[in-house]
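Worksheet: the structure to be examined is printed underneath.
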Amino acid sequence: MKEHFLGDTAVLLGRSLRHITRSLDTIITTAMMPIAFLLLFVYVFGGAIGSRVGSYVDYLLPGILIITVASGISYTAFRLFLDLKGGIFERFQSMPIARSAVLWAHVLTSMVANLISIVVVVLVAVLMGFRSSAGVLAWLAIAGILALFTLALTWLAVIPGLTASTADGASAFAYPLIFLPFISSAFVPTDTMPGPVRAFAEHQPVTAIVNTIRSLFTGQPVGADIGVALAWCVAILVVAYGFAMVTYRRRIA
Amino acid sequence: MTTEVGHRPAIRVHGLEKSYQELEVLRGVDFDVERGSIFALLGSNGAGKTTVVKILSTLLHADAGAAAVNGFDVATQAARVRESISLTGQFAAVDEILTGRENLVLVARLRHVAHPGAVADDLLDRFSLSDAAARKVSTYSGGMRRRLDIAMSLIGDPEVIFLDEPTTGLDPQARLEVWQAVRALAAAGVTVLLTTQYLDEAEQLADRIAILHGGRIIVNGTLAELKELLPPARVEYVEKQPTLEEVFLALTGDQTGDQKQEQS
């Protein structure tokens, strides 16, 4: 069955990509909230914060990209849930195909959908005055980190997608993830936060990832942040993938 | 060798047991299904019909017992079983966002058949869906969905087809359409295992009928054999042939008291 894995995944990926192109609203709603945050923080709060950090839209964009991914992956859980509920998941599982292709197709679809949303959000930021001195390598590094982060969170999203009993439940897990950037260096520097909050903010994954992307955007050395960011992404990926696979096996046992 | 395969039953189930936590759903289910026949598994809601189908289609592991489909063990040769079967589950398992034709092409690609497009067009024609081929399935009626669902099950010429409550929730007209499709399957030599809670459906379609009750098969036979199970004296009191419905209610016993009182 191994030799079919790539072919089967490609066929199923084609299927879920069609879902996305036929329901573009999911991409728009995914990009809408981050764009709203971008507008709100740059044009409402930005004037008060911006004096400390230079161009506020430049400061803010990395965190907004994290929020974009966090809200985008909830659709993966949602789509997976619908497949399970509608019975088409069981149809695929009872067919002579590589079984894991069904999950991988959803995961790769999430990568594509999030890429589109991220491009849309970056374009809006550019319209709002975002400028970057990053070279090609720095942009590739940013793309790589975001891809790894998306992959990790997507496997996390597979778990509620497989276990939820309602569509709301399948996508609700994303709310804490969307909220996490607020208690990080994404919106404001951490040094004005009171002790415990600051300690949390400086030791959670979003801060390391946001700081790395911000350094890459502005052409600064990334320092130790990139190691911490990659470690977090890989750790989340491994744990989420493991739990997703256990859940999946239980689901089909 | 082919003749040997031909003599083996298409489905062989022996001592199948399955529990969900405390709830014992199957407590030793035995039955064989002959090649090319339509076999109806009859039972009330929650009798375990779907559990049997899920075990046979490799979606669920049994706790005990053995089952073979097309000569392959469902536990140890699951991949071979999946090559031999098609499952049409309780809900029409079609992709709502794709068109009817795209659904068929999708399954044809996954089954690695040659010329997926031609296979799809042929099936659309056979199931009278050609006019709706380019429409999203979300616009289809219940009967059209079921027809598409069954058409998808035929791709790759599976030798055994499981139809789990194929007409639940359909209007009478759509039901007749599905019945026609099932008869066409059997005529083409496919083995069909059908579960249903509608007694007339089993009466209309099945070569053999088994009643699943209390986790076991309590009877298994042709319609004529099942009708003989009632004492002939009963025929004298009632001025008509016992219908399968009466056989079923008499055999499964419980919950029928109220109904009889109402009727008399």
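Backbone N, Cα and C define each Cβ position, glycine as well.
Any TrEMBL annotation is an automated prediction that lacks curation.
Values in this document were obtained by computation on a predicted structure and should not be read as measured data.
According to TrEMBL, the domain 'ABC transmembrane type-2' annotation covers A:25-251.
Here TrEMBL flags A:24-47 (among others) as transmembrane segment.
Residues or ranges marked as transmembrane segment by TrEMBL: A:59-82 (among others).
Residues 9, 12-13, 15-17, 19-20, 26-27, 30-31, 34-35, 38-39, 42, 55, 57-58, 61, 64-65, 68-69, 72-73, 75-76, 79-80, 83, 146-147, 150-151, 154-155, 157-158, 161, 244, 248 of the same chain, all 6+ positions outside the transmembrane segment (A:103-130), place their C-beta atoms under 8 angstroms from a C-beta of that stretch. The transmembrane segment annotation in TrEMBL covers A:103-130 (among others).
The transmembrane segment annotation in TrEMBL covers A:136-158 (among others).
Per TrEMBL, transmembrane segment is recorded for A:170-188 (among others). Within the chain, the transmembrane segment (A:170-188) has long-range Cβ neighbours (under 8 A, six or more residues past its boundaries) at 33, 41, 49, 53, 60, 62-64, 66-67, 70-71, 73-75, 77-78, 80-81, 153, 156-157, 159-161, 164, 197, 200-202, 204-207, 210-211.
Feature annotation from TrEMBL assigns transmembrane segment to A:226-248 (among others). The list of residues near the transmembrane segment (A:226-248) in space but at least 6 beyond its ends in sequence, with Cβ under 8 angstroms from a Cβ of it, reads 103, 145, 148-149, 151-153, 155-156, 158-159, 162-163, 205, 208-209, 211-212.
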